[in-house]
Amino acid sequence: MLVNIKQMLQHAKQHHYAVPHININNYEWAKAVLTAAQQAKSPIIVSTSEGALKYISGHQVVVPMVKGLVDALKITVPVALHLDHGSYEGCKAALQAGFSSIMFDGSHLPFQENFTKSKELIELAKQTNASVELEVGTLGGEEDGIVGQGELANIEECKQIATLKPDALAAGIGNIHGLYPDNWKGLNYELIEAIAKATNLPLVLHGGSGIPEADVKKAIGLGISKLNINTECQLAFAKAIREYVEAKKDLDTHNKGYDPRKLLKSPTQAIVDCCLEKMQLCGSTNKA
């Protein structure tokens, strides 16, 4: 059974930890993320972007796949299925398909349009008891072909969005998607604290991959209740595949090293290990 993110994020906010949000890209990813969550006894937000959703062949594959894995793996921790950086139409489609949570990314729109569409989606989400994450201030970096320059969120706009009572708020706080450059200025802690106090909402740290652990922990202490991870899992997966091939294990015909079940075993475990590390960092271990 899938749950929304409202209760898990409120608990995280009250007890000063963060719930990990891990983007999935295929079956192995979904299985690895759920396996790690069960091992760590951590609540988990299984997420997919619209690009990954298309790659996996759509809602009709992703929703039953995640639900089926929850049952087959006997997952007992809270699991939310979340749409990451959804468009207005994408959010509506995800809600109709059975996603338990959505993030509407209207940050690139004029603020009033973002506000109006956010309000409409919150009302729509209530019909299926789904949760809604909203965004103010574009995030830097690239996400599924959408490039953001990155900007610091406006406090007044955050306050206005908060009147809609979303379940979580993603705000531009100096974070970016993908790998952080050497000249990255870092997170704006004063802004995190100010937004947390002004909105009283669980805050979301997008682009959580590559931020120094001490910085993440400080941000969690100031009000971050959801940590988004994608790039680090991708890097771990790619590294394990490269090591397997460089060791020429795929050429071992005697042991059928070319079998995809063998080739993908260590990369899938690499995702599990990465997720376990992030759950420790979030402080979500043993919180389910």
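Just so you know, glycine gets a Cβ as well, placed from its N, Cα and C.
What Swiss-Prot says about this protein:
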ACT_SITE  Asp84  active site, proton donor
BINDING   Ser49  D-glyceraldehyde 3-phosphate binding site
BINDING   His85, His177, His206  Zn(2+) 1 binding site
BINDING   Asp105, Glu135  Zn(2+) 2 binding site
BINDING   Gly178, Gly207, Gly208, Ser209, Asn228, Ile229, Asn230, Thr231  dihydroxyacetone phosphate binding site
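Ile229 (dihydroxyacetone phosphate binding site) sits 8 Å from His206 (Zn(2+) 1 binding site), counting Cα to Cα.
If you take the Cα of Thr231 (dihydroxyacetone phosphate binding site) and the Cα of His206 (Zn(2+) 1 binding site), they are about 11 angstrom apart, rounded to a whole number.
DSSP assigns the residue listed as 'D-glyceraldehyde 3-phosphate binding site' to a strand in the three-state reduction.
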